[in-house]
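A.B. asks: Next up is a structure, given as C-alpha cells.
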Amino acid sequence: MSSDLTIPLGIICTREEYARQASDPSLHCLTRGQSIGLTIVAESGFVSLFAVLFVFGIIFRNAFHHVREKAVKDWDFLQEPMDVFMLSLFFADLIQALGAVLDIKWINEGKVETGPFCTAQGIIQQLGETGVAITTLIIALYTFIVVRWRKGMDAIIISKIVILIVWAFTIILIIVGNTTRGPNYEEPTPYWCWIGENHNALRIVGEYVWFWITLGASFLVYILLFLWSRGNIVFDDKSWWRSTFHSQPDKPSSLEEKARRRNSLSMIAYPVVYSILVLPLSVVRWITFNGKNQLGSEATLIVISIYGLSGMMNVILLLLTRPNSVLFGKTGRAGRGRVSSPRGWSDPQVHAKQDGMEDSIQSEPDDESVQMGRLPSIDVESVPSHTH
C-alpha cells in the first residue's frame, strides 16, 4: 500500500505520486540531487539565452541605425550565405536555450509530468536541438565547398531556400509525431520532457541522427581543412575529386592563399566546438538508448549542462570570427554598401567588385567607418591568385 511507502529525503511528491511513478512513465519525482543537477542545466540555458539575446540586440540596433540613417538603397542584413546560416543558428540556439530554462517549473514542483507544459517543452527542445544540429552541419559543408571549389559565396537565394527547407522539415517531423503518436508522445525522459522512450524511431530521425551526422562531418571537414591549411593536402582546381597529399607541408605561395587558409579554420570552428560539446551527450544517450540509465542521473545532467552552453560558445565565436559583419557587427556611417566574404575566399570577379568599392570607402577620412560584412583579412590588392 502507498501508505506504507517511505519517501526518500528530498523528494516532495506525495505518497501516491511516488508510488505511481514506478509504473507510470507520465510522472517522475525528482530527488534532491536531480533537482540540483537540473538547476545547473537551467542555469546553463540562461547563460546561452542571455548571450543569444545580446546578439539579437545587436541585430535590432543595426536595423534601427539603418532605418534612422537611411543608408544605401540596396543595403541588406543578409549579404552572404554565412549570414543566413548564422542567423538560423542563433535562432535555433535561442529556442534550445529556452527549452532548458523551462526546467525551472520541474525544479519548483519537484516532479516532471505530462500535460500541456510538458508537450510545449518537448516541442521546443526538439525544434531547437535539431535546428542547431542541422544548421551546424550546413555551416561545415558550406565552409568546405567554399574552400574546395571556391563556389557559393554569392548563393544568397539558395542559402535561404536551404534554411527554409531545414526548418520546414523539422516542423513537419514535430507535427507528425505529435498528431499520430497519441497524447503522451512528449513525456518525462525523465528529468525534462521530450519524445517518449516508446518512440525511438522518431527520436533517431528527429534528432539523434543529426547529432551523429554533424559530429562525424564536422570532424572530417576539420581534419581535411587543417591538413589543407598546413599544406599537406593540395586540392586540384581542375578536378573536383582529385587532391594530392604531401608529407612535407606545402607553404602558401601568396598572402592571399595564407589568408584563405586561415579564414577557413575560423569558420569551421563553429562545427568543431559544437562537436566537442555534443560528443559527451551523444555517448551518454547512446549508452542509455534502451531506456535503462546505467550511468545514473549525474552523467546525464552533467553532459546536458555542458551542451546547454553551445549558444554562449557560438556567441563567443561570432565575436572572434565575424566582428565586422553587417548583420552582427558594429554600425558605421550610412552609405556602406555590400562587401562580400573575406578576400581569401573570393573569386576574381568578386575581387573586381570589391576593389572599386574599397577605393571609394578608403577615400572618405572617417574614423568611424568600417568595412561591413568581412572577416579581418590581409590586403592583397597586388598579389596574384595562386592555383595548384
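Using N, Cα and C of the backbone, Cβ positions are placed for all residues, glycine too.
It should be emphasised that the depicted structure is a prediction, and the values quoted were computed from it without experimental measurement.
Pulled the feature table from TrEMBL, pasting it below:
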type	residues	note
TRANSMEM	45-64	transmembrane segment
TRANSMEM	84-102	transmembrane segment
TRANSMEM	122-145	transmembrane segment
TRANSMEM	157-176	transmembrane segment
TRANSMEM	209-228	transmembrane segment
TRANSMEM	268-287	transmembrane segment
TRANSMEM	299-320	transmembrane segment
REGION	332-388	region 'Disordered'
A.B. asks: With Cβ distances under 8 Å as the criterion, find the stretch in 45-64, 122-145, 209-228 that has the most pairs with the transmembrane segment (84-102).
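C.D. replies: Of the candidates 45-64, 122-145, 209-228, 122-145 scores highest.
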A.B. asks: What else in the chain is close to the transmembrane segment (209-228), if you only count residues 6 or more beyond its ends and a Cβ gap under 8 Å?
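C.D. replies: Tertiary neighbours of the transmembrane segment (209-228) are 130, 133-134, 136-137, 140-141, 143-144, 147, 234-235, 245, 261, 264-265, 268, 271-272, 274-275, 278-279, 281-282, 285.
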A.B. asks: So, do the transmembrane segment (157-176) and the transmembrane segment (268-287) meet, by the test of 3 or more Cβ pairs under 8 Å (sequence gap 6 or more)?
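C.D. replies: No, the stretches stay apart by this measure.
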A.B. asks: Contact between the transmembrane segment (268-287) and the transmembrane segment (45-64) is defined here as three or more C-beta pairs under 8 Å separated by at least 6 residues; is that satisfied?
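C.D. replies: These two segments do not touch.
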